[in-house]
């Protein structure tokens, strides 16, 4: 039986909030089978839980938020959610003493290392996957995103940025997903933004944690970070990272092929909601026999330590 995963032990880290610029303490806790992914704000009394749920997602200019029925929100969940998807973590309590997850370096890599430091434990309960039975596509003008049946998980993402720093040849990326390929090829790709946008937001008391330490910053001509890019196609790789996190908002790894053109958080979420709304287009499956599990989800040795 392919089993659900959680953490072996509690781990903690501190970082800066993108919105407030203030220190945030992040605590990751193991959770029992079928708990799912739960984000928790401990700065509120009593603490407020936000189960990962496609319908709770709100897209803002800066990040992805989860919002409950009382309009209480937790922000900047997308990069940690991508790390959970990448390592196939089914059950976890994510606590922060702030309204947001810390931005760290703007990628998912610090979260991957934190999760691996905690260690990953299998639970005696079958892991559920969302498997596509029919193709589902959403569009908005020239932007679109699609999930289609495929016995594995692939992502094919194209961006269309007219900018001197983003070469035309580095605007499309294809990934045959596995935990290894996610960690090596996607998790280190950082979020990006324009210097003028960051300055404007900070003048209005927003994005106070935004800096060269947590994003690729560009002006009209070039990348301003002294160290440059981690990959020549880091921009599109980060958009793929975002998509992996967005599509995991249902709490289950997806068996299917994802293709997108100029998609972002809102479009990715619209696609996930469209899939879930069409009950004939998908099914939840478990695997008693590991031989039948798509290669994409075989547990690599570095994860199951």
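Residue 1 is the first one shown; counting continues down the chain.
Cβ atoms are placed via backbone N, Cα and C, with glycine included.
These come from Swiss-Prot:
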type	residues	note
BINDING	79, 238, 242	Zn(2+) binding site
ACT_SITE	265	active site, proton donor
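The Cβ of residue 242 (Zn(2+) binding site) has 24 other Cβ atoms within 10 Å, all protein chains considered. Those same-chain residues not listed among 79, 238, 242 yet with C-beta within 8 angstroms of the centroid of the Zn(2+) site C-beta atoms are 78, 82, 106, 107, 108, 189, 190, 191, 239, 240, 241, 245. Geometry remark: residue 242 (Zn(2+) binding site) versus the residue listed as 'active site, proton donor', CA distance 7 Å.
Note: the Cα of the residue listed as 'active site, proton donor' and the Cα of residue 79 (Zn(2+) binding site) are spaced 11 Å from each other. The recorded positions examined here are 79, 238, 265; by Cβ neighbour count within 10 Å, the least packed of them is 265.
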